[in-house]
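Record features, source Swiss-Prot:
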type: TRANSMEM; residues: 10-27; note: transmembrane segment
type: DOMAIN; residues: 59-164; note: domain 'FAD-binding FR-type'
type: BINDING; residues: 144-159, 170-207; note: FAD binding site
Amino acid sequence: MSSWTSKENINGVYIPSALLIFGTTIIKKEWIAYATALAVVLSAWKLFSNKPRKVLNPTEFQNFVLKDKTIVSHNVCIYRFALPRPTDILGLPIGQHISLAATIPGQSKEIVRSYTPISSDDDAGYFDLLVKSYPQGNISKHLTTLRIGDKMKVRGPKGAMVYTPNMVRHIGMIAGGTGITPMLQVIKAIIKGRPRNGGNDTTQIDLIFANVNPDDILLKEELDQLAKEDDAFRIYYVLNNPPEKWNGGVGFVTPDMIKAKLPAPAGDIKVLICGPPPMVSAMKKATESLGYKKANLVSKLEDQVFCF
């Protein structure tokens, strides 16, 4: 059902307008023209006010209020920030990220860091950030001090990656830790755009997701459910400290793992990389050794190997 014929518009716009006009014909027929004009104006205002509004500003920081905080583990939280109106959306293109800024005690300048929301523009009225707090992480530590009702400065969109359906035949992904967040954004967009969901996206997806311990695997339930529902999405987990009877990878992500699990170098594939800087550096070298085009210092959309 389109937004024009949604239940909300039928009950909140069309029926009240019809009742206004009908009631006027009973009371005084001469007022029908005025009642009709009033109904049109009110209906237009109602329809317009319900239309999703993109709130991000790429040039100026805006304050967003912390609405909720969900503890995932001892050092990972999901922070939910409210948008100004319940119908507002962030307006973030798939593959891009936002900048968070804060004044940190002991720092001479305002600190700015980039994060990718795990929510999307399908989620009106709020956006969610999955953040791991690091001992030396200025913004991640600042987020842990926020209380419900506190504000955070946000600017965006930002980034060179903008995913479009079928931009390549096959996407390989290598993620480490919280580097899974931009990958999840792309994965969900592809699956949402499948033919069975009314789209035309047939992109194959293979993900290598590396972590230290089993408890460090973020969003595992959601990822596993997505893979269960979509045959064209496959995950290979890698752990430094695997449990007994582990059937995934062990140690660091190796060229052999990449060769076995990700698409071979070709003109219609892309490899996405996101994780801690040492891992990203190692994966750049590994992909180049396997015949993929050398990753640039600053990634561009057209690059075969793209690093977030």
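In case you wondered, yes, glycine gets a Cβ from its N, Cα and C as well.
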| query | So which one is it: of the binding-site residues A175, A189, which has the fewest other Cβ atoms within 10 Å? | reply | A189
| Local Cβ density at P182 (FAD binding site) - other Cβ atoms counted within 10 Å | 28
| Tell me which residues of the chain lie with their Cβ under 8 angstroms from that of R196 (FAD binding site), as long as they are six or more apart in sequence? | none
| query | Which value does the mean pLDDT take for the domain 'FAD-binding FR-type' (59-164) in this predicted structure? | reply | 95
| Residues that sit under 8 angstroms from T144 (FAD binding site) by C-beta distance, when 6+ apart in the chain | C77, S133
| task | Under 8 Å Cβ to Cβ from T203 (FAD binding site), same chain, six or more residues apart: give me those in sequence order, or none if nothing qualifies. | result | P165, N166, M167, V168, R169, H170, I171, I190, A232
| task | Return the residues near K151 (FAD binding site), defined as same-chain residues 6+ apart in sequence whose C-beta is under 8 angstroms from its C-beta, sorted by sequence, else 'none'. | result | N63, F64, V65, L66
| said: Just to be sure I understand the packing, how many Cβ atoms besides its own are within 10 Å of the Cβ of K158 (FAD binding site)? | reply: 14
| task | Give the three-state DSSP assignment (helix, strand or coil) for T203 (FAD binding site). | result | coil
